[in-house]
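Residues or ranges marked as domain 'GMPS ATP-PPase' in TrEMBL: 122-320. For Ser149, Gly150, Gly151, Val152, Asp153, Ser154, Ala155, the entry in TrEMBL reads ATP binding site.
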Amino acid sequence: MPVFGMCYGFQAMVQALGGTVAHTGLGEYGSTQADVTDTGSTLFNGQPESQSVWMSHGDSVTEAPDGMRVTASTPGAPVAAFEDDDRRLYGVQWHPEVMHSTFGQRVLENFLRKGASLESEWTAGNVAEELVEQVRAQVGSDRVLCALSGGVDSAVAAAIVQRAVGDQLTCVHVDHGLLRAGEREQVESDFVDATGVDLIVYDAREQFLSALAGVTDPETKRKIIGREFIRAFEQAARDVVEDRGDDEHPVRWLVQGTLYPDVVESGGGEGAANIKSHHNVGGLPDDLQFQLVEPLRSLFKDEVRQVGLELDVPEAIVWRQPFPGPGLGIRIIGEVTADRLDILRRADAIAREELTAAGLDRDIWQCPVVLLADVRSVGVQGDGRTYGHPIVLRPVSSEDAMTADWSRVPYDVLATISGRITNEVREVNRVVLDVTSKPPGTIEWE
Ligand code: XMP
């Protein structure tokens, strides 16, 4: 069987095949330059000798297993790639699957086509059809509730379910009070107008705020938000049944737009560490009263967008930048209160407005705006001293959110955003830019 090991998989192959993996103290995180020593090899055929690769390793392979041809090295990884065509074994220390590994896609293609002799058959059309069929088989004639946030994931998930079971579907938009300015209205108008789905807006603002009172720990916040989400849906399900007087077809299914990266980062993949509990995976309560329909659970965001276009989801929704389910709750570092939400909402609206005006929406993957609510610094505005909060801008470029780099937003755009926020949001007297890639930072601050 052809095998391709990446990163930890690469090291696991070495361990299994008799090479050496050691803690050399030379970890590499983020963009790294690799020297390809054999550009005629199966993986690197026709590629340059020097290429940018995305690394995330603490241990390194210091000695390749017998029979392996070493084909690349980096400053912190003397053995950074190898292959053995006879046994069809291949490996690289870096992450070829992320866009920041410049020739990563070519390396993967070379493995699949040449190393494993496979042809490519994936198309958005095939996948959309398959997912529609799967949902139809899964839910039968039951009623289905879809958690609709207004973002691309839940919109595409809803579109798949709508195609599968039509008016058995009711969408619920929970307004948890952690939304950005104008978001609730956008869901109410844009999405419903485009798709004609049956939508209930459930106002749970009070419920979330009181559940979050006094909480500062990020994981606790995520768990609380996950739990309250489900409680709100359970209530919405009862409302749907009541409205329709349809006790015979209770709502058994809850559709969620969970993606593969959410599953992996919540510790759902085999051997994966829990980085943070995405509200829709690790944050779910144990006594959940629904079964989940998660048609996008094995897809990445770029694939979801392709499937969305295939299903005629409007482009304005398909290309929306990601916004996390726990919303502004995980962008206030410190306790979440109504006043703090109001400050952040105003700052965020300015940043979004200016990035859009500069035509940068499609260049930037997303730009979290973060309020450091427990930090204050001294400033001067007019003739007076201020003691206000900093706002962090976190614009990132990415393809799937598993890795990211900070976006080089033009200085004049940053200056406009900073000037407007400090002038228009009285409580903020400093705007700072986050220049950290992922890894080591995550995209959101919590
Ligand atoms: P991190 O912060 O893990 O974020 O680098 C990766 C991507 O996931 C989004 N994100 C979430 N999305 N529920 C979501 O629906 C969540 O709990 C959640 N946490 C993070 C984040 O905005 C980024 O796009």
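Residue numbering: from 1, along the chain as shown.
From the backbone N, Cα and C atoms, a Cβ is placed for every residue, glycine too.
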* Asked: Sequence gap of 6 or more, C-beta under 8 Å: which same-chain residues meet both conditions with respect to Gly151 (ATP binding site)?
  -> Gly257, Arg320, Pro322, Phe323
* To do: Starting from the Cβ centroid of Ser149, Gly150, Gly151, Val152, Asp153, Ser154, Ala155, the recorded ATP site, name every other residue in that chain with its Cβ within 8 Å, sequence order please.
  => Leu148, Val156, Ala157, Gly257, Ile317, Arg320
* **Cβ-Cβ neighbours of Gly150 (ATP binding site) (radius 10 Å)** => 20
* Asked: For Ser149 (ATP binding site), which residues in the same chain are close in space, meaning a Cβ under 8 Å from its Cβ, but six or more apart along the sequence?
  -> His173, Val187, Gly257, Phe323, Gly325
* Conformational class of Val152 (ATP binding site) under the three-state DSSP mapping -> helix
* Just name the winner among Ser154, Ala155 (the binding-site residues) by count of other CB atoms within 10 A of its CB. => Ala155
* When the pLDDT values for the domain 'GMPS ATP-PPase' (122-320) are averaged, what is the result? -> 87
